[in-house]
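Taken straight from TrEMBL:
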- 5-40: domain 'EF-hand' (DOMAIN)
- 135-155: transmembrane segment (TRANSMEM)
- 221-239: transmembrane segment (TRANSMEM)
- 245-264: transmembrane segment (TRANSMEM)
- Ser249: active site, nucleophile (ACT_SITE)
- 276-298: transmembrane segment (TRANSMEM)
- 310-329: transmembrane segment (TRANSMEM)
- His314: active site (ACT_SITE)
- 341-367: transmembrane segment (TRANSMEM)
Amino acid sequence: LPLCIASQHWKALFDQFDPENTGYISTEKFRSLLQRHGSELDPHKLEVLLALADSNSEGRICYQDFVNLMSNKRSNSFRQAILQGNRRLCSKALLEETGLSLSQRLIRHVAYETLPREIDRKWYYDSYTCCPPPWFMITITIVEVAFFLYNGVVLDRFVLQVSHPLYLKNALLYHPQLRAQAWRYLTYIFVHAGIEHLGLNVVLQLLVGVPLEMVHGAARISFVYVAGVVAGSLAVSVADMTAPVVGSSGGVYALVSAHLANIVMNWSGMKCQFKLLRMAVALICMSFEFGRAVWLRFHPSAYPPCPHPSFMAHLGGVMVGITLGVIILRNYEQRLQDQTLWWIFLSIYIIFVLFAIFWNIFAYSLLDLKLPPPP
């Protein structure tokens, strides 16, 4: 049935149990309604509706709560059902279902890769429509690759571009002498040290970022990514004040560290295949890329007295990931404004950003640092 006709159909059924049109029916009548007409619903959604009936302490169900659950809206009724939902997981696990198409298997795989609870996975599997698609991570990756190819053609170099004498003249990278140009704290992600730097970042943000965006949406994932990027450049301006910054490692490390921390915190519930091996591979890739950044930072510069790019952006991204990122990824389909810990970590992040801004305004002159000449 089309959505509007289906809504009218269920409203008529609901009204049969609510002749006085109060907008409420008892949980017993609600269960009776589901038992009679539950075959018209997806079995996974039926489980959540039954969980709503079980979790209701007032003994009655509001029609609007029922509508919210039917339309996949984020609501108090959904969160209440999810909190109690594990008590009613009587049917077979999503992983045991057969006869799925390739797209359905992909959605199921993403659910098991990112969500720790079976009822969350089932609800996501039923409600995901690929509309909108994971556009943010795909778009940001395409733009990063495009800028790298453009710089490669301009510099006539694709490996270790950072050693080219014209490299620092790029208007996008962060340079300590040009820190007043505020856009550089963000646009440095479009400039990479070389193809090896770009390759690792692109692989990690696609393998981790795209599934996360499919589950949590572009708004949450873009926030974690951009927060990691900004924290990365600000961390460099505070802790490694004479160095430039390039690469998207701040945003990538924020996503990956949040995802890995979420897996560790929900280890028993995560049913992704080879999760230990996957974590090991991700950590090895991150360690290799971080080690490369540390080596490059202390390697003799190709254009003294300006040092090679800093590695502090990686650490800034990790700190965002294990604070803000963990809270965002932990609360699937729940409003962040209801989470106390979210406000605590957000406040800490804002305080750090404000501190870094004042640091950039006053500390450089007070410390009388000898900065490298502008490019």
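Placed from the backbone N, Cα and C atoms, the Cβ positions cover glycine too.
Most Cβ pairs under 8 A with the transmembrane segment (221-239) among the ranges 135-155, 245-264, 276-298, 310-329, 341-367 are made by 310-329.
Of the candidate ranges 135-155, 245-264, 310-329, 310-329 contributes the most Cβ pairs within a distance under 8 Å of the transmembrane segment (341-367).
His314 (active site) sits 6 Å from Ser249 (active site, nucleophile), taking the CA atoms of both as reference points. Neighbour list (the residue listed as 'active site, nucleophile', Cβ cut-off 8 Å, at least 6 residues apart, same chain): Asn201, Gly232, Glu289, Phe290, Ala293, Ala313, His314, Gly317. The number of other CB atoms found within 10 A of the CB of His314 (active site), across every protein chain shown, is 24.
Across the domain 'EF-hand' (5-40), the DSSP tally of helix, strand and coil residues reads 26 helix, 3 strand, 7 coil. Long-range Cβ contacts of the transmembrane segment (310-329) within its own chain (Cβ-Cβ under 8 Å, at least 6 residues beyond either end) map to 114, 212, 216, 220, 223-224, 227-229, 231-236, 239-240, 243-245, 247, 249-259, 261-262, 265, 289-290, 293-294, 296-297, 336, 339, 341-342, 345-346, 348-349.
Taken as a whole, the domain 'EF-hand' (5-40) shows an average pLDDT of 74 in this prediction.
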